[in-house]
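Asker: Just passing along the structure, written as structure tokens.
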Amino acid sequence: MNAAGRQVSKSNPALHHQRQYSDDAINVLSGRWAHPSNHSHDFGSRASRGMQRSFNDLGSADALTPQSRTRSSSMRKNADEMFLPSHYSPGLLDLHAFDTELLPETTHRKILDELEPFFAASMLPNKPGGASDNNLLKSFSVDKERTNNVAKIKVVVRKRPLNKKEMTKKEEDIITIERMSNSLTVHEKKYKVDLAEYIEKHEFVFDAVLNEGVSNDEVYSESVEHIVPLIFNRTKATCFAYGQTGSGKTYTMQPLPLKASEDILRLVHHVYRNQGFQLFVSFFEIYGGKLYDLLNERKKLFMREGGKQQVCIVGLQEYRVSHVDTIKELIERGTATRSTGTTGANEESSRSHAILQLCVKRLVDSSETKPARLVGKLSFIDLAGSERGADTTDNDKQTRMEGAEINKSLLALKECIRALDNDQGHIPFRGSKLTEVLRDSFVGDSRTVMISCISPSSGSCEHTLNTLRYADRVKSLSKGNSTRRDPLYSTSNLRESTASLLSSSVPMEQSLEDNRTYLPNDKNRFGWSMQNVREGTPPLNVERIPSNRAVITLPHHKSQPSFQDDIGYPEQQYELEKSSWMNNKITETRQVPGFVNQKKTRRDIHDFETDSPSADDLDALLKEEENLVTAHRRQVEQTIDIVREEMNLLVEADQPGSHLDDYILKLNVILSQKATSIFQLQTQLAQFQKRLDEYNVLVAPSSN
Ligand SMILES: Nc1ncnc2c1ncn2[C@@H]1O[C@H](COP(=O)(O)OP(=O)(O)OP(=O)(O)O)[C@@H](O)[C@H]1O
């Protein structure tokens, strides 16, 4: 048992599964409703000082070593009352259930109204050094007005600098970032058949893109700062870092909870002073599908599902904190306890998903006889590095199996995202421990911030593209983004191959406008969502408006093996598909002029179809095309299902006597077979597109 923890259960066996608080927490719950008077500040005077006050004087009640504290009997009484079985279902620390009885909406309205003068004062011009405070207040004010309009998912990309190893290997920085337009370009070096070198540009647009010069403070203000005030308003928010091993996830995530706690405590002690808000911290990891408490000597934890399918973690230690230094110490302690290992890319690689949670609770009465209730929660998740199977071949079995487990949970995360994307009723949260924990990050009043970390080096190009495509996929979920779910935002791959084409004819801004006009929302020219290439069936009402963008995009998306990209499996198919994208791209480029020049509207098409004697031919051609695409898609779906199944087997194969190599071999055979049939279909499709092309050339004059 570590110095900080004391399990209430020890004094009362009947309660041994109840929520465990640290002594620190119990000490602080000493009947004080308000914070000590020496910390009182009125809103106006605080704001007029530009919120310069240091945090070090905000709280004084923390202690990380409970043994050094003594408790009065009244305090004990209060604390013990908090654990009455009648208050909680036995045995469970419920992250989202029994203590999530949230404050009534009216209370929050009232709080927000009370803050009105504070907002007014805070809208003073920014001073140097006070920017962060003002940002927080601004976001508070803005959130008050537009809580419902804030995008649920924000995707930020951070590029790290080249490290020594990469520089020694003379690897180049292949990422350029344009912060103004939030765009990022990957310059991928490729070779033609005659071995001539060329650069393929892949351009992406996200909510924010941060280059290697950006400080951790800036990362915070771009990612989490704006959601901190929301957690006082019943929101559950999650910030997670994603990226290949060694890309900077831990480096990025580590400072964020600290900064967020500073802001939370600032709000607790000033904006919400005397209102009974409290901050609690817990820190645990998911390693090999199991949960461990990082603040309680890696004690094994169990996840259970409550009556209302709410997730509960048995035995998780939670600390009440009111001083930022305490949180810092807790984070350092938890981080030191975390499982790390060595991968090819990172000597100290995180082999687990680490989850640090900041819970804002509120006492329900001033006498503190009842436990505080959860108001909102902010979770920080440092995901284990994503890596391809190929990266782990040099490693031992343990590392390989860790990799498989990590990939499994990242895959499950993707599955949930995909289901949400489709507005499916059933979200497969149970796919992994990670997604079970993340469950409430995606439903209800939640906010999610994903920070994709990327390495700039040419040697990591493939990984970087995988990470960016994953991020792109997540981005497309944003409800706040729904009006922008055109290819520009939701499927940045479009810009990957079109940028140079478009910029040669029209200015970028204008061309993007054009694209919005021509292409309805997120449909490609076959009428189904670009994000759902493997799901559902194409709607009958197929949109076939010719558009420069539409022509360029289809094959890229159709064959984009996002599943494989994300999990890194399997190399063979990946290469094969990649080459077919390139084939398709050649086809696409050939098509562009015809479509761009025609610029038909839907009306034109309609007239054309009814007037032209070739309308039947066109219908037949399009039908044929549609069938081909559907067949192709089915192949891809089947492949993915098979790979997924095999992956699960692979993960479960970590048993004595299991033949891992056999599984991998089997997997490769299946993939080669599937890849061949996909390739055949794509060849057919390419031939068909050629025919369609010829047809377009033939009919073009008659439509003028
Ligand atoms: N933005 C950055 N600026 C400077 N150094 C960085 C940056 N990002 C990462 N690094 C350095 O790169 C190395 C790897 O970073 P880090 O451990 O955060 O990677 P990771 O993505 O968490 O890896 P893993 O998934 O294997 O745990 C560390 O030495 C870290 O200090």
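Don't overthink the numbers, they just go from 1 along the chain as shown.
Placed from the backbone N, Cα and C atoms, the Cβ positions cover glycine too.
Given the structure is predicted, the values throughout are model-derived calculations rather than measurements.
In case it's useful when we look at the structure, here is the feature table from TrEMBL:
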- Gly243, Gln244, Thr245, Gly246, Ser247, Gly248, Lys249, Thr250: ATP binding site (BINDING)
- 65-76: compositional bias 'Polar residues' (COMPBIAS)
- 152-477: domain 'Kinesin motor' (DOMAIN)
- 37-76: region 'Disordered' (REGION)
Asker: Select, from Gln244, Ser247, Gly248, Thr250, each of the binding-site residues with a Cβ positioned under 6 A from at least one atom of ligand 1; if none does, say none.
Answerer: Ser247, Gly248, Thr250
Asker: Other than its own, how many Cβ atoms are within 10 Å of the Cβ belonging to Thr250 (ATP binding site)?
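Answerer: For Thr250 (ATP binding site), the 10 Å Cβ neighbour count is 22.
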Asker: Just how many other Cβ atoms lie inside 10 Å of the Cβ on Gly243 (ATP binding site)?
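Answerer: So the number of other Cβ atoms within 10 Å of Gly243 (ATP binding site) is 28.
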Asker: Measure the Cβ-based neighbour count of Gly246 (ATP binding site), defined as the other Cβ atoms within 10 Å of its Cβ.
Answerer: 26
Asker: Quick one: give me the count of other CB atoms within 10 A of the CB of Gly248 (ATP binding site).
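Answerer: There are 22 such Cβ atoms around Gly248 (ATP binding site).
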Asker: Average the per-residue pLDDT over the domain 'Kinesin motor' (152-477) and send me the rounded value.
Answerer: 84
Asker: So how many other Cβ atoms are close to Gln244 (ATP binding site), meaning within 10 Å of its Cβ?
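Answerer: 26, counting other Cβ atoms within 10 Å of Gln244 (ATP binding site).
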Asker: Name the secondary structure element type, per DSSP in three states, that contains Ser247 (ATP binding site).
Answerer: coil
